[in-house]
Amino acid sequence: MAKVYYEKDVMVNVLKGKKVAIVGYGSQGHAHAQNLRDNNFDVVVGLRKGKSWEKAKEDGFSVYSVAEAAAMADVVMVLLPDELQPEVYQAEIESNLQSGNALVFAHGFNVHFNQVTPPEDVDVFLVAPKGPGHLVRRTFTEGGAVPALFAVYQDATGTATEKALSYADGIGATRAGVLETTFKEETETDLFGEQAVLCGGVTALVKAGFETLVDAGYQPELAYFECLHELKLIVDLMYEGGLENMRYSVSDTAQWGDFVSGPRVVTEHTKKAMGDVLKEIQDGTFAKGWIAEHQAGRPHFHAINAKENEHQIEVVGRQLREMMPFVKPKVKTGVK
């Protein structure tokens, strides 16, 4: 079982007087910066010119170029998209790190897969809240917190663990609990969850169910409701209390169908395929493929995305959601 740390386990003064640079001001960046500031950390924000720059300034932060922020900071937290981190690190962060600094991430992808190679004389750790930035911020302001993971990759100063816990405490995570892990474990489990279950697995299952009903002659609108729309109701029940809460809450007919039909859909063959997915994550095959795809301009990514956006389930869904303004997205979806 994971070791869990709380507020009482933190050396609160280990980052006292240290300057923290938050590189990036998106979902996680704004939450980290604001929570740290509210906990009396000395925070600056490092960005390239754009909307985020203006937003950070509006929120009252001193904003600098990434290079300037990295040069003045003792702790540099990189909260950029995975695919952008290596370029920004090599161009603007690496040469500005000083001995004894801390280089921090919220996901281990680039360090674990050797896209970022930190100097040997800096501490390297990750602090990864297990929730989106808006939730990290909202729960903090309400006196609560989102749990987080932390891991130490390199302990150059002998105090990397203490710094990681102090940072986690600064964003409020120790109120809920901070679980110790490794860069390898965090990266590989995160990627597996996304690919086999949360994104890849669920979308493939939803589409397969929809197509099965439509191919059998059922109206696509009903297929959409049964295989996609109602998924949120079930996931919310699991989120609140696990599988047992979902099974307690649905009808006995639905629960019996779960027991007798679920194992026929997700079979041992499915688990073997999941094992293959995990192996490709572990041996770096997935990372190499994604890095190459990004460097080539993402031709397959964009082609698949465009095709998926025109699947019948999406066409029908867009029409049905016009009937349900309460589920309309708050942000633009579709092409990236």
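Any Cβ shown, glycine's included, is placed from N, Cα and C.
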Given that Swiss-Prot lists Tyr25, Gly26, Ser27, Gln28, Arg48, Ser52, Asp82, Glu83, Leu84, Gln85 as binding NADP(+), which residue among Gly131, Gly133, Gly143 does it place in the same site?
Gly133
Can you tell me the CA-to-CA distance separating Arg48 (NADP(+) binding site) and His107 (active site), as a whole number of Å?
21
If you measure Gly133 (NADP(+) binding site) to His107 (active site) at Cα, how many Å is it?
14
Taking only same-chain residues 6+ apart in sequence, whose CB is under 8 Å from that of Asp82 (NADP(+) binding site), what do you get?
His107, Phe109, Asn110
Fewest neighbouring Cβ atoms within 10 Å: which of the binding-site residues Asp190, Glu226, Glu230?
Glu230
Could you say which of the binding-site residues Ser27, Ser251 has its Cβ with the most other Cβ atoms inside 10 Å?
Ser27
What's the CA to CA span in angstrom from Glu194 (Mg(2+) 1 binding site) over to Glu230 (Mg(2+) 2 binding site)?
21
